[in-house]
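Student: Provided herewith is a single structure, encoded as structure tokens, for subsequent inquiry.
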Amino acid sequence: DSEFAELKIRGKIFKLPILKASIGEDVIDISRVSAEADCFTYDPGFMSTASCQSTITYIDGDKGILRHRGYDIKDLAEKSDFLEVAYLLIYGELPSGEQYNNFTKQVAHHSLVNERLHYLFQTFCSSSHPMAIMLAAVGSLSAFYPDLLNFKEADYELTAIRMIAKIPTIAAMSYKYSIGQPFIYPDNSLDFTENFLHMMFATPCTKYTVNPIIKNALNKIFILHADHEQNASTSTVRIAGSSGANPFACISTGIASLWGPAHGGANEAVINMLKEIGSSEYIPKYIAKAKDKNDPFRLMGFGHRVYKNYDPRAAVLKETCKEVLKELGQLDNNPLLQIAIELEAIALKDEYFIERKLYPNVDFYSGIIYKAMGIPSQMFTVLFAIARTVGWMAQWKEMHEDPEQKISRPR
């Protein structure tokens with residue numbers, strides 16, 4: 001039987017349908033309020049508003065749960081590879097062996113970008129941020145696929161594969177251009193993560209051998225960042241896509257949103273904070289500064305809009321960080337890791353942070369891993385974009401397959 005919530009406005013009662021969720025909180029359907037009650041709902045930042053129905057990702061922030069298509073994120077990070085998770089997000093189920101092989105072959109086949117795109121990079125000054133370069137390059141793919149202004153359902157999967165395949169190539173090209181090195185072409189004998197590391201660190205005169213521990217760590221990082229419900233960048237992609245815009249242009253809007261320091265740039269801020277603290281002996285001083293409302297200092301890497309418990313992604317990354325530093329001989333002498341571990345231990349015992357449910361989030365350890373890998377801080381958000389492109393394309397595809405889809409138009 002249908003359930004309803006009652007809304008009383010100026011003495012008149014309106015019955016609002018309660019939509020049952022397959023898991024998690026139920027939802028009150030307010031779509032008819034403006035037409036029937038002659039008023040709108042007001043919810044800055046969409047704190048309590050669902051903008052769509054989705055079966056891709058589920059989060060229970062109070063319990064620290066993150067699932068993709070029903071699979072726990074920790075299981076996926078430990079037992080899957082990134083393209084297997086990409087297939088899961090896009091198609092709704094894990095691939096068979098044959099499906100996985102076909103999918104990875106298609107991704108490899110589309111990893112090259114048009115040679116004319118190389119000229120675009122030459123228009124940027126040498127000091128340009130890699131995110132600025134990547135944003136422009138991804139948006140320019142719209143010019144190479146102009147027919148996608150009139151895309152059909154048959155185009156959804158190929159478009160997703162093309163975007164997933166080309167984003168690491170463009171990301172590596174953005175980095176190479178920013179440091180004045182020649183572009184390295186994809187090597188389809190390597191898997192997705194190996195190929196990206198190869199394009200990042202190889203040169204025409206120096207062969208780069210991928211360390212398997214580094215590869216596995218980056219694979220986990222990509223999986224952990226693949227999707228996260230209707231966050232700022234995902235919502236941006238959906239809003240742009242709702243107008244029927246070219247999908248490559250839609251992804252470029254997601255990259256722009258992700259670039260913001262409150263979204264994708266937080267792990268770089270964590271590194272800067274740990275450097276500012278400088279030594280474990282100064283942690284109490286900075287804890288006090290974080291509690292002081294009049295002090296501009298903020299404890300980065302703690303707290304999350306959704307999670308009111310330990311971010312499950314942070315738990316995986318903490319152990320991954322230790323594995324990487326042990327492999328590189330830095331486990332016992334990496335000052336940033338030592339500060340991070342002690343800062344976390346002190347904060348988790350402090351009533352101020354406990355009462356406010358401020359726990360380490362996914363950004364707290366990822367920057368330390370990137371830095372140990374030799375990835376510069378200006379590339380941190382670029383790597384986030386590589387991973388999140390999978391989620392963006394899955395959400396974009398789901399949106400266009402939704403019969404209730406309308407152009408987004410907030411009031």
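For all residues, glycine too, the Cβ spot is worked out from N, Cα and C.
Bear in mind that the values here come from a model prediction, so they are computed numbers and not experimental data.
Annotations for this protein, taken from Swiss-Prot, read as follows:
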{"type": "ACT_SITE", "residues": "HIS304", "note": "active site"}
{"type": "ACT_SITE", "residues": "ASP363", "note": "active site"}
Student: Under DSSP, is HIS304 (active site) helix, strand or coil?
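Tutor: DSSP assigns HIS304 (active site) to coil.
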Student: Return the residues near HIS304 (active site), defined as same-chain residues 6+ apart in sequence whose C-beta is under 8 angstroms from its C-beta, sorted by sequence, else 'none'.
Tutor: GLY61, ASP311, TYR359, ASN361
Student: Once near-sequence residues are set aside, which residues in the chain of ASP363 (active site), 6 or more away, have Cβ atoms under 8 Å from its Cβ?
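Tutor: Once residues fewer than 6 apart are set aside, ASP363 (active site) is near ALA266, ASN267, ALA269, VAL270, MET300, GLY301.
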Student: Which secondary structure state does DSSP assign to ASP363 (active site), in the simple three-class scheme?
Tutor: helix
